[in-house]
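Undergrad: Just dropping this structure here.
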Amino acid sequence: MPFALGQRWISDTESELGLGTVVQVEGRMVTVLFPATGENRMFSRAEAPLTRVTYNSGDTVESHEGWSLTIEELTEKDGLVIYHGIHSETGEQVTLRETLLNHNIRFNKPQDRLFAGQIDRLDRFGVRYQCQMLRHKLATSDLLGLQGPRVGLIPHQMWIAHEVGRRYAPRVLLADEVGLGKTIEAGLIIHQQLLTGRAERVLVIVPDTLRHQWLVEMLRRFNLRFSVFDEDRCVEAYADHDNPFYTEQLVICSLELLRKKKRLDQALDADWDLLVVDEAHHLEWTEEAPSRAYQVVEALSEVVPGVLLLTATPDQLGHESHFARLRLLDPDRFYDYDAFLAEEDSYKDVAMAAEALAGNAKLPDAAINSLTELLSEKDIAPSIRLIQADGIDSELQQAARSELLQELLDRHGTGRVLYRNSRASVKGFPKRFFNPHPQTMPEQYLTAARVSSMMGGHKTLEAKAAQALSPEKLYQEFEDNSASWWKFDPRVDWLIAFLKSHRSKKVLIIASQAETALSLEEALRTREGIQATVFHEGMSIIERDKAGAYFAQEEGGAQALICSEIGSEGRNFQFASHLVLFDLPLNPDLLEQRIGRLDRIGQKNDIQIHLPYLEDTAQERLMQWYHQGLNAFELTCPSGHVLYAEFAEDLLNVLVGDDADELTNLLNHTQTRYKELKHAMEQGRDKLLEINSHGGDRAKAIVERLAQNDENTQLIGSVIRLWDIIGVDQEDKGENSIILRPSEHMMFPTYPGLPEDGVTVTFDRDTALSRDDIALITQEHPLVQTGLDLITGSETGTTSVAVLKNKALPAGTLFLELIYMADASAPKSSQLYRYLPPTPIRILLDKNGNDLSAKVDYASFDKQLSAVNRHIGGKLVTASQPILHPLFAKGEEYAQAAVDELVIQAREKMTTQLTGELDRLESLKAVNPNIREEELEYLRNQMQELNTYLDASQLQLDAIRMVLVSHV
């Protein structure tokens, strides 16, 4: 290489050193000073990994004094380049020797890096292009936000999330029956709102006991890192901000915290975008005296644009309580309780018409008359004739029914603010079978009970009942060895025998107390060596994850998982179908919660519920009340808490006493009341609401598309290559999973979201659903999103040189492949990406400037290319510069034309969609007051803003690949 003092070079291996200056040339060595860092490097003149930096006419360069020069001409003297051109500040003709160039110059533009010899590996160019394509595909998906969460693809859940999550500031009531996944629906909506930019700040208000469960659910299922706020956290946060709620974007807190005026005032002032309230049916309200808790939520709902209320079903709440929730969502719409009752009565005709349309028989005259009146502004006669006709294609008739149903849904009822699914309307639940196993009461327990009664002492009726239901706890009060009870308790003997006879089955065991769960694990381990693990509230999240993973493991995993009451909250184990209730809770809702650990949508087997109980004790009497009175073991009992509230005192007396007649009377009265409530609920079912809530065929279509995306092997390959390029260690763990760890040779110093000790991931949804410790990787996962951002936000893969070995083309033939990005700067909340997302535009030019991209696709072209080393690549670029410069200008012409066309298409799509939606909502507002004026105003403003952003769309060169034909 010809070196001269003062020449400017850059290091091919350490480009971060900036622009270097040759300071010594002696013998076979050259010394280069890098002023930006003050470091010297000595190289062999023959093999120095250096690239000479020279600029061309038209380029703008900066002097070390800070002024710029637009180059018009280059001359050379004594081996140094002198640049002639116009001074940026004075406009005068000036010269600038290369020695005086600014040493902090970095080559960020792809063409600058190419001409400076900063040429990247061929595979990195490919990964960069794939990353841009993945980002574009994700941004254009109408299912954005639904693919990534680690949840089962349940139609009604995906439907609700799809419908609600796309709205601006949604205000809805989620009132599904227990076990249908209200928390998942809320999480999906939150995830979608955050991912699409419709929301940035979210406040979740939950009961104290559910804060931890929500924290875990949001992290494990939705990769959302919420922070739990209590009084201590608020005090700590004062160091960072006067308002502690401003220190985090995603916050979970309890109602108790917000009962304090100071904290409520701070929450009201914290600019939330979305408010989520769990267990909202506990907010007590009457027109005369709303509770403090209700007032807290009401105050927040008045200042937060989006509100999600998770609540029990309206059937369970009663009309007044249900009205109180709707009033929080839209006080202008639901302003008077009597008016609400009158409106509900008018829904009966709508429900009758909907039920007729949902069936397959011809419509009765009453239904036709109702439809004609309800849809008076439309001509529905052709649809009615089609439905009533004989010998017509059934698909056409079904389409006509669906169209009329949709018209009803749009115009009537509370379908836009209320979603309620019931097990009666949602398929996919297993059957439940109850298996009672009576055991003889041990003498030790009888003795403990007698001693306790002799000692006397005042206890409440509920405390006495709890004591009678857990004789092992009473026994431990009189024994030094607290674990000795399991040595003689016949329930433990039965449990051991049961597990031994069902060795191939996974068994979930639930007990009330953590101490009981720990004792049972010890009993199984020491007496028979049965593999079991425990799960209780004293364990950390990581410990619980490990226990759950050990239980889920098919080979070498635990046969049994023993949970405490609180420890099992929020965890589901659908892969098991045997449930052992070691004792019974004194609350029907807790019993349903226990069974709900297995009885979820997605459970593939019927559930066998086993109850080993002690005969002639409170355990047997409570079992009879649950089974004979409520049928709570084999069916869900939505009225369970109502019945418990009505019969609690009688039940407690029966449990504490031993009166057979009292028990018989209690069972008879409970059965009668149970049937009355069940009948009332059946009569009150709103068919139209159910149809709207579960989504029908439209929901199934969404799930089918999501399932197809899950099977996309091309995505898996792209993500694996992405991690390979970045340098993430990947270890195959088996069972469809791999372990990702940071490596010492990673391209970037940190990989946000990748823990130092690694993380186990899978691309298989079923595997992720069965293992809490394995993350589900989709293109929405933060590890993928971060990887895409690391590559596309850096210079990785922006330049490349390759050889095409093709004897059909003359040797030396040049092709220039240019990847441009069409983009428009806009806030995420504007939703511009729906119409003009960051879009890669590929241009493939031959030496004459013809664009061959339409004839030669990327994949087939890429397969034919071979890499060249950086040094040779730099020489090829230098030799080709006279050809390349005009090709860049030609490529930009083609790309700009493509961008102009994209903007036209985006504007047409935006105008068509938003104008259509606006017209639809404006016409519906005349007949359905649930259409909010805020939604209409948002659409009008959005159209104006989007047109402004589209006018400012930009074109940017993202990556370059120069290709030369070789016959060697």
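Placement of Cβ uses the backbone N, Cα and C atoms for every residue, glycine included.
When I checked Swiss-Prot for this same protein, it listed these features:
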type: BINDING; residues: D176, E177, V178, G179, L180, G181, K182, T183; note: ATP binding site
type: DOMAIN; residues: 163-332; note: domain 'Helicase ATP-binding'
type: DOMAIN; residues: 491-643; note: domain 'Helicase C-terminal'
type: MOTIF; residues: 278-281; note: motif 'DEAH box'
Undergrad: How does the motif 'DEAH box' (278-281) divide up by DSSP, counting helix, then strand, then coil residues?
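TA: The motif 'DEAH box' (278-281) comes out at 2 helix, 0 strand, 2 coil.
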Undergrad: Including all protein chains displayed, how many Cβ atoms other than that of G181 (ATP binding site) lie within 10 Å of its Cβ?
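TA: For G181 (ATP binding site), the 10 Å Cβ neighbour count is 24.
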Undergrad: Of all the binding-site residues given, E177, V178, L180, T183, which residue's CB has the most CB neighbours within 10 A?
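TA: That would be L180, with the most Cβ atoms nearby.
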Undergrad: For the binding-site residues D176, G179, K182, which one has the sparsest Cβ surroundings, going by other Cβ atoms within 10 Å?
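TA: Fewest other Cβ atoms within 10 Å, among the binding-site residues D176, G179, K182, is found for G179.
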